[in-house]
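This report concerns only the one structure given below.
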Amino acid sequence: MAEVDVISRPQNSEEPPTELDPAVRKALVWKQDLRIVPLCAAIYLLCYLDRSNIGNAKVLNAATKDDLLSQTKMSNFQYTIALMVFLIAYALFEVPSNILLKRLSPSKWIAFLMLSWGAVTMGLGGAHSYGAVTAIRFLLGVFEAGLFPGLVYYLTFWYRTDERSIRVAAILASATLAGAFGGAIAYGVGHMNGTSKLSAWRWLFILEGIPSCLSSIFVFFFLPDYPETAQWLTPSERANAISRLRLEGSKGSARTTWKEARETLTDWRLYAHYAIYFGISTPFSSLSLFTPSITSGLNYKGLQAQLMTVPPYAVAYVVTLLVSWSADHFNARALHSALFATIGAAGFLASAVLPPDAYTQRYGCLIVAASGAFSCIPPLLGWLSSNLHSTGAAGLAIALNISFGAPGQIAGVWIYKANEKEKGYPTGHWTNAGLLFFVAAGCVGLWGYYRALNRRSLREEGRAKWAL
């Protein structure tokens, strides 16, 4: 297939770059996808596995008192504190991490983070007290903080605004896949209880930390940094990749200026995005950490409770990919997020009002709730990044967006109360339902605001500037 070069234009030109021949554009994007998306998804899968496995460790072999809480003599309150300090570290280090990603290059920084969080996860397998678990979880938050906002920012170097949601979804959906794998792995590792005189929960941390450490070497050498430096692209492909992103992507050579930072920090429409992301963060966090506990409260006992966490995550994985593809295809990210936030809210609401012993129905509601809550996140992130128009704004705003979600994630560790297990965890379900309705309302409101801005920009400039 013959390649078509893009006509180069001055960097300060406001005229849009010449469009590639569709076949050439498709081939170029596909080549990028094969190199970037599976690797990023695998990285996030390992990150999420190492973050959420503490939820499996909490209930693993609890019947024989060989679980995390029993052997470290932690109370449920102390366990919640250990979860919370992870999120505090997560919030504090997201923005600095995105700055370092840009300064040190994505491949070097992400490889360093992987090696660090893998080693820290293995260290959890040697914890013997509440203090040790809490300190190690804080360190885990420090090193994992930069990954997800870093990957979302990283995609802006390679993809146009209408191409990002589905790729963010492929990465984020690996979290749901990790949730499914985590339950299955915990089920298998549960049978190792007592092997080499180690409890199964210790083996869980050790065995799930090793792949992150080993994979960091591969990431260091094979994760491409920027189109400008991609030697695996031909010179013509490299020129096309750079040119097509001139007005819609972040630049590898660009540096964030104080002017860009100030403008981003005082752009008040962005805080509406942050508020919406705060709303989705509580359901995301609580499902990530408490799905094993929720299934345990649905009359599934022992290792079966671990295995029953798999279907909700597996269904959510498929739904997330389909919703994100549709959001990009129809260029309607806000309305997709609003719709599926409402569906997720309905799932939590039904769980809250059903009788505690309606186990089958409430398990079905858990699947609906997880699918709705997870699937509206990638379009939200794609929507935000599509409405950022400089490298500095993209790096800072994406990190701030995830940081503003941290208080919501902290709330998520408190709402599923251990003393409500027999009642079906109503506080957690009601809270998540309310926040997802807030997300839906916020999406519709912000969508209306951007529509109004587009009408004005069409009158004044002849083009719509804002993504919906």
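Glycine too: its Cβ is placed from the backbone N, Cα and C atoms.
Taken from TrEMBL, the feature domain 'Major facilitator superfamily (MFS) profile' applies to 36-468.
What TrEMBL lists as transmembrane segment is 77-97 (among others).
The feature transmembrane segment is assigned by TrEMBL to 109-130 (among others).
As annotated by TrEMBL, transmembrane segment applies to 136-156 (among others). Counting same-chain residues at least six beyond the ends of the transmembrane segment (136-156), those with a Cβ under 8 angstroms from any Cβ of the stretch are 36, 40, 43-44, 47, 50-51, 54, 82-83, 85-94, 96-98, 100-102, 106, 109-110, 113, 116-117, 120-121, 123-124, 127, 164, 167-168, 171-172, 249-250, 381, 385, 388, 391, 394-395, 398-399, 401-403.
If you look up TrEMBL, you'll see 168-189 (among others) marked as transmembrane segment.
Among the features that TrEMBL reports, transmembrane segment is placed at 201-223 (among others).
Here TrEMBL flags 271-290 (among others) as transmembrane segment.
The feature transmembrane segment is assigned by TrEMBL to 310-327 (among others). If one looks beyond the transmembrane segment (310-327) by at least 6 residues along the same chain, the residues whose Cβ comes under 8 Å of a Cβ in the stretch are 165-166, 168-170, 172-173, 176-180, 183-184, 291, 333, 336-337, 340, 366-367, 370-379, 382.
Look at TrEMBL and you will find 334-354 (among others) tagged as transmembrane segment.
TrEMBL lists 366-384 (among others) with the feature transmembrane segment. Note on the transmembrane segment (366-384): residues 152, 161, 164-166, 168-169, 172-173, 175-176, 270, 273, 276-277, 280, 283-284, 287, 291, 294-295, 298, 311-313, 315-316, 319-320, 322-324, 327-328, 333-334, 336-348, 350-351, 397-398, 401, 429, 432, 436, 439, 443, 467-468 of its chain, located 6 or more positions outside it, place their CB under 8 angstroms from a CB of the stretch.
Cβ atoms under 8 Å from those of the transmembrane segment (396-416) belong to residues 80, 83-84, 87-88, 90-91, 94-95, 97-98, 148-149, 152-153, 156, 256, 260-261, 264-265, 267, 270, 273-275, 277-286, 288-290, 293-294, 381, 384-385, 388, 425, 427-428, 431-432, 435 of the same chain, restricted to positions at least 6 beyond its ends. Residues or ranges marked as transmembrane segment in TrEMBL: 396-416 (among others).
According to TrEMBL, the transmembrane segment annotation covers 428-450 (among others).
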Original post:
When you scan the chain for residues with a C-beta under 8 Å from the transmembrane segment (271-290), skipping those not six or more beyond its ends, what do you find?
Top reply: 48, 51-52, 54-55, 83, 87, 175, 179, 337, 341, 344, 348, 369-370, 373-374, 376-377, 380, 383-384, 387, 397, 400-402, 404-413, 415-416, 425, 428, 431-432, 435-436, 438-439, 442-443, 445-446, 449
**OP:** Given the cut-off of 8 Å on Cβ pairs that are 6 or more apart in sequence, determine whether the transmembrane segment (109-130) and the transmembrane segment (334-354) share at least 3 such pairs.
**Re:** no
Original post:
What parts of the chain pack near the transmembrane segment (201-223), using Cβ distances under 8 Å and only residues at least 6 beyond its ends?
Top reply: 35-36, 39-40, 42-43, 46-47, 49-50, 53, 56-57, 60-61, 66-68, 71, 106-108, 110-112, 114-115, 117-126, 182, 185-186, 189, 192, 195
Original post:
Same chain, outside the transmembrane segment (168-189) by at least 6, Cβ under 8 Å from its Cβ: which residues?
Top reply: 37, 40-42, 44-46, 48-49, 52-53, 56-57, 60, 148, 151-152, 155, 200, 203-204, 207-208, 287-288, 291-292, 303, 306-314, 316-317, 320-321, 323-325, 370, 374-375, 377-379, 381-382, 385
